[in-house]
Structures are given as structure tokens and as C-alpha cells.
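If you look up TrEMBL, you'll see A:1-105 marked as domain 'HPt'. Residues or ranges marked as domain 'Histidine kinase' in TrEMBL: A:203-406. The domain 'CheW-like' annotation in TrEMBL covers A:408-550. The phosphohistidine annotation in TrEMBL covers A:HIS48.
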Amino acid sequence: MKSREQEYKEIFIAEALEYYDALSRHISELEKAPKDEKILAEIFRLLHNLKANAKAIGFINISDVSHKLETAFGLIRNKELAFSDNVVNVLFDGIDLLGEMITNIDNPNYKETSNEVLLRNLDVIIESADGAMPTAENGPLEVTKVQREFTAKNLSLSELIYIQIKKLDHMMNLVGELIIDRDRILSISKDLDNPDLISVSSHLYRITDELQFSVMDARLVNVGSLFNKFPRIVRDIAVAENKQIHLDITGQDIQIDRNILQIITDSLLHLMRNAITHGIENPEVRTKKGKPASGNVWLSAQNDRDMVNIKLRDDGKGIDLNEIKSAIVRQNYLSADVVKDLRDNEVLSYIFEPGFSLAKEITEFSGRGVGLDVVKNAIDSIGGRVHVDSQQGKGTTFTMHLPTSIAVKGALLFEVAGGFFAIPLMHTDSVVSLPKNRLHEVGDMLVADIMNETISIVYLDELLNAPEGMMQLGNKNILKGDEQNIIIVTYNNRKLGLIVDKLLRQQDIVIKPLNKPVDNIDIYGGVTLLGTGKVCLVLDVPAITRYFIGKR
Amino acid sequence: MKKRILIVDDSFYMRTMLKNMLTDAGYEVVGEAPNGQTALELAKETKPDLVTLDVILPDNTGLDVLKGIKKDQPDMKVVIVSAVGQEVIVNEAIENGALAYIVKPFSEEKVLETVGNALKE
């Protein structure tokens, strides 16, 4: 696990090695130009930083040696000590010792063998400055010859480099392109049935797979890098809201793509503020209800197959469904008689609608008009899902299901009217096969009862191919054959069934954005190329679901 | 409104620590300057509420930066961050309008307390 301490240590070492290299360079320059004040000032600054950094992180030996060297160079700067003869040797040795100590920070077997002599030598030259200039004749200087073990110096560069995220983004895009071409080559090689080509393309397959994995891996960070900011934030909100909050954090070492974590940062902060300001009750109210005065908030991360689930749970007052129902009517989303037939999870899903608000008062941290729709949009944009559960009086749980990586997604491939299409697995609930007589015409829609739920069913061939103004989505006579293959998709606690002609397979796909002018068709979220070279359009489940749920 | 802070220090390690501490405490770090010239540019450009200023910088001394900031923007608050052994410069800085100083190595409490008090003045 890469904790903040680990991160600080890596930064310290990388910077300390830079300082060491610069010090070595400057002291050689100084030997040629002992009076150059600019070089002296620079050496002094580097030692000064090294001393302060080492002390801050707790490498006291490095700090001590830097301090002694800094003092010596300070004396030279003030012309109280001459940079010559023995002094030069001692200072060279001192800087080399620093380098040795820095490179051995992680080496448990490293023994600072010849340091004592060297440290005494440093003390000697510092003290000698109090009196006369040290020379071989009159000086009290008794510099002992130091036998350094590393006469032939090892050159070493830092083990750690910093990479801009945009460089990693570029690599990820290239890997995406490569995978598309790889699948194409694999498919061609099967058609040609040439054993050499098959062998080399299966090797290519493995290598690109590993390459993709490595690039994805390089972008992973610990969820902890975000979670660890919360104790402080929670404390501040709790103080401002006059509430007592106990925060429990788990799963900090779960890894996720850095950009995904960046995108959900504001959302998580928003949900946390809501949980504390609207969820957790005042201590007096809680005590009256028989709850502990201090409210609990749990922030956790878990791996779930290829996804990461981030969960924020509170044991506050929960969401009042009746309050949401009246807000749905008050804000003109639906009429009162439609609302009373909604299932509980459908009612809850309205909290993610744009502009929807339950807030009656505005506090410092919440209720400034930024709604949960912003949270939802952020999570949609990376192909994730957000889900809410709430029990009145007991608390609320928000769960974000997030992809670990952005570029490659698992998808379900199918055929409609000879064309290829895909739906990200993130949005598929189940696949069922129903005879025509289980489908019912209700208004201008088809519906079916599937596992005790009434689900709207859309015939994709008609939706995608019917001429404008002639669409008959409520007519089951146009369906082909008797058994209908239906993919049930979910979005925001709502389900929709999509009738497809033929189910193909599950496959990892690289989704590319659509080019203009096609990108204004909001049924499609993107496009991918199949190994056969055929174009496969990726359906935008959020857009389609929104369209039909709005219709109902 | 979040208070906006500019960090001036030539060490990446120190800037990272300060930035984490201040950001965690709810401040907005509007910029990080590794040298005096960048510090003066960023102070002009970002107009922070407060500047944390290291006194030993590669190009000019922190003192020059302090004077530069105070000349253009006399109300901008400046807190000196320095290692032990720089008392002379720190005193001179206080005389030139710096509000307080923090000695490296610093604790989180000390940084937040000093910055918090300086912002209240």
C-alpha cells in the first residue's frame, strides 16, 4: 500500500538524490573557482534544504551531516574558513557520505562504517575556523585520512520517475487502437488459415494483452489517496453543523484508475456533505430516538470482479419517500396519480433528476443548488453506475459501481437487422427469452412482467430502423418469430427491455467516440470495430432509458 | 470562500508537505513557486490571501520576494517558513511586513495555527 508516508519518502529520496548530484557538481566547480560566491550560495542552499527535509522526514543522520556541511560552507562563505587543502578533502568526503546515505535509505544492511572519522573531521574543520586559518604548519587540524569503501563510485539514477497523466492518457489511447488492429489481424489469420500467421498473431494477442494490462496498471492509484482526505473534511463539516460524527474508512488500498478517482472526487465530497448535513440528525434528536448521540458514517471501497464499488453509508434519518413523492409532483416531474404507483426504488431514483431538490434550508455546506444529478452525470461519464438505498429512520447508502479502467469495457454483443451492436455489461441486468404472448400492448409501448416487475419493452429493429414518424413501438405484430430475445438494461434503478434479433457474445471492447455528424444521435454512446472489421455501434443506455422512462 | 494560498519553497518535498497540509485543512493552494521570480509572478497573477515564503531561494533571497510582494500588494499576508539558523533573515523579514514565521521541520498543527492566525489579522 502506498500511504502518504511512502509517497513522502519517495519524493524525499528522489529530491535528495538530485541535490546530491548538484552538490557533487558544484563542489568540483568550486575547487576550480574557490571564490565564486554564486556557487557557494547554491551549495549552501542545497545543503540547507537537505537538512530541513531530512529532519522533517526523520532521517536524522542525513540531517546531521548536512547540517555540519552547511555550517562549514557557511564559514567559507563568510571567509572564516579557507576552501583549500584538507578542508576540500573533508568536504568532498562529506558530500560523498551524504550520497551514500541517501542511496542506502532502503538498505537494511547498510552500516555507516567510516562515518565517525569523517564526522570528527568535519567538527575539526568547523572548530578550526574559530582560531587561525588552518594550515599544515600551525593548525590544530588533525584530519584523519578516511578510507572510503567506494573508491570506484557507483553511478545511480533515481528509481522513481514522475510522469504527466496526459502522457499516460496518450499511451492508453494508442493501446486502444492497437487492440482494435490486433483483433482484426487475429480474425484475418483465422480466415486465411495460415499456421505461421496464426502463431504470430496469437503471440501478438498475448503481448498486446500484457501491454494493455501494464499501461492500465501504471495508471492505478490507491483509493486511499482520496479517502485519507476525508477525516479532516468530515471533522470540519461536523463542527460547522454542530454534529458528532464518527467516520469509519475501509479499503484504502483498493486500486483504481487515477482519472476515474479524479472524476468522482467532487461527487464523493458532495455525498459526504449530504450525509452529514441532511442524513445524520442532531445529537439531541438521535438520543431521543434511542440512537447513539454520535452519528456513524462508513466510507468503503471493495473490488467486485472488474469493478470497484465505493460505498458511503450513514446511520442517519434516511430518505423520506413521501417527501420525495410530493417533491416529484411539486416540481412537475409526474402527476400525483402516476407517482402513487411507483415502486420505492423508482421513487428514490428521482433524487438524481436534474434540478430535483429536497433542501428546504441552505446551510454552509449543503443545499446550494448543486443537485445529485451532477453526481450522476460524473459517474455516467466514466461508464459507472450509482445506486441509492435508504431506510427511513435507519440511514442511507450510496453505492458507486466504477470501472477500474477507462479505455476497455466488457460488453454484450448482439445483432439487429444484420447490424452489430453492443451494450456495456455495466448496464446489462439480465437476458431473457419470452414468447410473444407474454408481451402486452399498453398504449404505444410493449410491456412484460418479468420476475414480478412490469418492464417496458422496446423492439430495437423498430427503434433503430423505422422511418421517422412511422415508429410502431406498441405493435407486437411486427415482431419476427415467436420467441423474443430480450436484454434487460438498468439505469438509475429503472429497467428497460430491448428486443434484439440475435445475441452474439461477451467481449472486451474499446469504445471510440462517434465522429460528427453522427454524434448528435443520442442513442449511441460510441463505436467500436470488431475483429472482422465490421463496425459495431455501442448503445447509450442512459440516453435510451431516459427517453422511454420520460415517455411513460 | 476558501482562503487562497501561494506556496514558495525551492524544495518539492517541502511544497508537497505544505500543500497536503493546507489542502486537507480546507485551504485552496493557488500556486507553488520554486524560485523568487516565479513567486513574484504568481503572487501578481493569482492574488492569494496569503503566501508561505521560504527565505533561501535559488535566484533571489526570500527577503527580496517579500519586499517585491509588499511593494505591489501591501495587504497580501506573508508567513515565513525557514529552517533553524536563519534567525537574522527571519527578523529582518518580520520588520519588512511578514506576519509570522514557521521553523522547519514543522508540525501540521504549527503550520495550521500560524496560517490560521495570520489570516485572521
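Note: Cβ is positioned from N, Cα and C throughout, glycine not excepted.
The average per-residue pLDDT of the prediction over the domain 'HPt' (A:1-105) is 86, rounded to a whole number. Look at the domain 'CheW-like' (A:408-550): DSSP puts its residues at 28 helix, 77 strand, 38 coil.
With a cut-off of 8 Å between CB atoms and residues at least 6 apart in sequence, the same chain places A:SER66, A:GLU70 near the residue listed as 'phosphohistidine', listed in sequence order. According to DSSP, the residue listed as 'phosphohistidine' sits within a helical segment. For the domain 'HPt' (A:1-105), DSSP puts the residue distribution at 87 helix, 0 strand, 18 coil.
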